[in-house]
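Copied over from Swiss-Prot, here are the features:
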{"type": "DOMAIN", "residues": "1-54", "note": "domain 'ClpX-type ZB'"}
{"type": "BINDING", "residues": "C13, C16, C35, C38", "note": "Zn(2+) binding site"}
{"type": "BINDING", "residues": "P126, T127, G128, C129, G130, K131, T132, Y133", "note": "ATP binding site"}
Amino acid sequence: MARIGESADLLKCSFCGKSQKQVQQLIAGPGVYICDECVELCNEIIEERLAEASEETTGEFELPKPKEIFGFLDEYVIGQEAAKRALSVAVYNHYKRVRAVSTIGPAETVGDEIEIAKSNILLIGPTGCGKTYLAQTLAKRLNVPFAVADATALTEAGYVGEDVENILLKLIQAADYDVKRAETGIIYIDEVDKIARKAENPSITRDVSGEGVQQALLKILEGTVASVPPQGGRKHPHQEFIQVDTTNVLFIVAGAFAGLEDIISQRAGKKGIGFGAPLHRKDVNADVFGEVLPEDLHKFGLIPEFIGRLPVVTTVTQLDQRALMEILTKPRNALVRQYQRMFELDGVELEFEQGALESIADLAVLRQTGARGLRAILEEVLGPIMFDIPSDDEVGRVVITRESVVQNAAPTIVPRASMLRAEKSA
């Protein structure tokens, strides 16, 4: 019996190594022991981890005020003041609502008659005016998962193409498969005007990429628990699904809506017919877009249920030459600064004359490609010199002139030796 007592005294916690006599209680398992102190420590660690996870997934982040969001957008996006204001307020209200629901909890809101509905956003405006960039910048400021989807790739369930649930898979992937984090993210759906009904009156033929897609999007826009295939593609009954609640996902849908200005003008009585009809002007069209009503969107081809789930409607305007020049130089990550940084990595300075910047902006206006076309023009102008510079150690500075843009003339090259002599003489 003595031996049994001695062996009992030698029992130790498998985690901290303390003996049975040093702790209040020792819990035995199959070949292992754990003391009460280690159990308490484990509980504290678990509580801390759960608190951190709750903080990340329930919106307990620092929510910037609308003016702060607007200021951040102002650093990156030139112009579009009305759109930036509308987005700042809408995004602030959305995440304020998410935080309120997460803090109070759905169980405690049952008796409360006030339930704040979700306000998704519709962005209307021509291509290359910053619609996608606005949404990306918002997600960057809020540090939430962000996914971009193309509405033209979507089809109604059962037809060749992508199901609407694949949009949610992109958001889950952006959140590194953290579903809880994805459920408070932002989804940007572009080219939504391309899924407008092909005719104003419903047709007896199936419109699988138009009205059918709008119908399929209704539930996830409003808020539902969707079954998402983890590998994408079509659903089949024998696969497992990821369950995603879209109640707190903010949807920003956008499109160019070409021809919508005519519908608005006709409704408002601003458009003539025949030889007396006024010619289209971009500035006039921009003003007309600001007067859009739900009935105009319905006439364009969006179904009333779809319009009703997009209560915040804002517009972006065509960028003029002055705005394009500012985009080249003013934002924090301006295109000119990006290329100057790339040249610096090769030990070369890059300089643009004022005339060159004006010509680049003029070319973008002429091509009607907006801000998106600026990078393509810069690549055309800088491509040949970027090919030569890495192999030429004598180049110290490259100056882009108006002729470099307009006439494809070679830029002005300043040798490194000349720059050194100028520095010494100074």
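Every residue, even glycine, has its Cβ placed from backbone N, Cα and C.
Values in this document were obtained by computation on a predicted structure and should not be read as measured data.
Other residues of the same chain near the Zn(2+) site, with their Cβ within 8 Å of the Cβ centroid of C13, C16, C35, C38, are S14, F15, G17, K18, V23, L26, Y33, I34, D36, E37, V39. Set side by side, the binding-site residues C16, C38 differ in how many other CB atoms lie within 10 angstroms of their CB, and the most is found at C38. Looking at T127 (ATP binding site) and C13 (Zn(2+) binding site), their Cα atoms lie 67 Å from each other. Counting every protein chain shown, the number of other Cβ atoms lying within 10 Å of the Cβ of G128 (ATP binding site) is 22. Apart from P126, T127, G128, C129, G130, K131, T132, Y133, the ATP site neighbourhood in this chain, defined by C-beta within 8 angstroms of the site C-beta centre, holds G125, V316, G370, A371, R372. Cα to Cα, T132 (ATP binding site) and C13 (Zn(2+) binding site) are separated by 58 Å. Taking Cα separation as the measure, C129 (ATP binding site) is nearest to C38 of the binding-site residues C13, C16, C35, C38.
Of all Cβ atoms in the protein chains displayed, 26 besides its own lie within 10 Å of the Cβ of K131 (ATP binding site).
When the binding-site residues C13, C16, C35 are compared by Cα distance to Y133 (ATP binding site), the shortest distance belongs to C16.
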